[in-house]
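According to TrEMBL, the features are:
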- B:207, B:232, B:233, B:263, B:264, B:265, B:266, B:267, B:268, B:269, B:270, B:284: FAD binding site (BINDING)
- B:5-183: domain 'Electron transfer flavoprotein alpha/beta-subunit N-terminal' (DOMAIN)
Ligand SMILES: Cc1cc2nc3c(=O)[nH]c(=O)nc-3n(C[C@H](O)[C@H](O)[C@H](O)COP(=O)(O)OP(=O)(O)OC[C@H]3O[C@@H](n4cnc5c(N)ncnc54)[C@H](O)[C@@H]3O)c2cc1C
Ligand SMILES: Nc1ncnc2c1ncn2[C@@H]1O[C@H](COP(=O)(O)O)[C@@H](O)[C@H]1O
């Protein structure tokens, strides 16, 4: 029976407008809408798939953030066995190096055979979490993974290269994998099932003993990209825009 | 510590990756600031000739059977020992399937700072692109050897290529036994029904298309325009289109006459596969979508409000 830990975090929803804080060195967290990191969601799906195939046990660990409990209950509804929320002073200085140290600490007691995490997140400035966790636990790491099979004390993984090329790798367990895509798209769970979990499942809240951000970068300045090379914007109502697009298509030789 | 800038050269199935040329160009920019040399680090087996096109002052080359093809464990060990012995000012990697497996692990192993997703290194300023291209972050080299992963966008591959082969200096790989990661083999991609990298008109759809059924609308448009439908990664990850239609970092690089991007945000991983298209038209509701920074023409509009009149007028133009 494989013991699997999925490490996930909430990230800014990029569909929303992002703003910079007053100091000009980070995102303005007050206005951020957070969602689960897309690739972490794939990692969760892969973990659940492995559990269903090999009768494993899945623990999900996430740092505290707005919306994290809903997210964790959602993973419970999908089939996760244990949910852990890491609490601490996560506002400042919680870069991926600090988080990875905390994740490694939190994962250790469960003696995982496999730790799955998203290959990267949209707010990584000091590298992705997965390889850092791997090294802090002395485990091997392979990223860009889109398929995992456990065979005894090894995992056979599909590592993605550009153009759809796959490198099939054999990794000695325990190991950490950076998941690019699960073997299936993340499953949908009915909200009623999530509500059920809110009543029955429990989230284990653990305090992070110390946040150590060493190894992370300190941004001197953050800003929105200058609109230097902006596109020529086409204005009008839908009919006018359609007419202008037709002219552009003609000029480009498409009509 | 010396002032040299190291670049980890990536190669796959006997070919140097474009990102390594781009990274060499970024390294040259940085070396101008530090006053050091640019040194390529090439790991392989009988791979010395891959050094010949690299624009570096010299190439450090380790030859070992375990380095014949990339595996994370062997690369990490070899680069770690090299950094430990030579203490360069900075070590640059591609932020890729190869580089990202090594850079982060070494940041933890060697307790060295890591700056990721760097597009530009001019004037000693490290400029990273995060949040899907919506935020730029500036940082600097640290007091110690700084590890940096580079993404495309700031430098052209040609700037990292050279006609004259650099000098190659051999170095010994450390003991590479008890490796925990090994390559079993490569699985070549299945050939798709079309090769989108050869198509001259592409209608690209992204998550903005919302449902699988709506792909029909793009198909219809493609039919009138004599084009082919392709997509961003989420569409392929949903299983709505085959991998052969994927544009970007993990898919194909395309260069059509016309690239029509519908509901695509323009994340760096997508942009690196289509930025060289001749004419890019982007339809997106979000005025801050990064796709508008690289598009020729932008339409800030709801795709679903635009598609019917557009289909009508395109059909008329086609028949008329
Ligand atoms: C290692 C790695 C490799 C990757 N490789 C690739 C790759 O090869 N190719 C790739 O594409 N991505 C790749 N990605 C993913 C990439 O980071 C982005 O997540 C992805 O490109 C986003 O796709 P999207 O633009 O379709 O979706 P989103 O970023 O969600 O954007 C959807 C856009 O649609 C707009 N929209 C929504 N509704 C409408 C509407 N009704 N009308 C108009 N506009 C609308 C929104 O404003 C938004 O801008 C990779 C990621 C990683 C980590
Ligand atoms: N498939 C999923 N897996 C994990 N978390 C999810 C998933 N879908 C939504 N969530 C999270 O659940 C919460 C509610 O999401 P929503 O119902 O989309 O508003 C948010 O915190 C989401 O990030």
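The backbone N, Cα and C atoms fix where each Cβ goes, and this holds for glycine too.
Remember, it's a predicted structure, so these values are computed and weren't measured experimentally.
If you take the C-beta of residue B:268 (FAD binding site) and look for same-chain residues 6 or more apart in sequence within under 8 angstroms, you find B:117, B:119, B:129, B:132, B:133, B:151, B:152, B:153, B:249, B:290. Across the domain 'Electron transfer flavoprotein alpha/beta-subunit N-terminal' (B:5-183), mean pLDDT in this model comes to 97. The least crowded of the binding-site residues B:207, B:233, B:270, judged by other CB atoms within 10 A of its own CB, is B:207.
Its Cβ placed at the centre, residue B:264 (FAD binding site) has 30 other Cβ atoms within 10 Å. Under the DSSP three-state reduction, residue B:266 (FAD binding site) is assigned to coil, being neither helix nor strand.
Of all residue pairs in B:207, B:232, B:233, B:263, B:264, B:265, B:266, B:267, B:268, B:269, B:270, B:284, the annotated binders of FAD, the farthest apart have Cα atoms separated by 18 Å. When Cβ atoms from all protein chains are considered, those within 10 Å of residue B:266 (FAD binding site) total 26, not counting its own.
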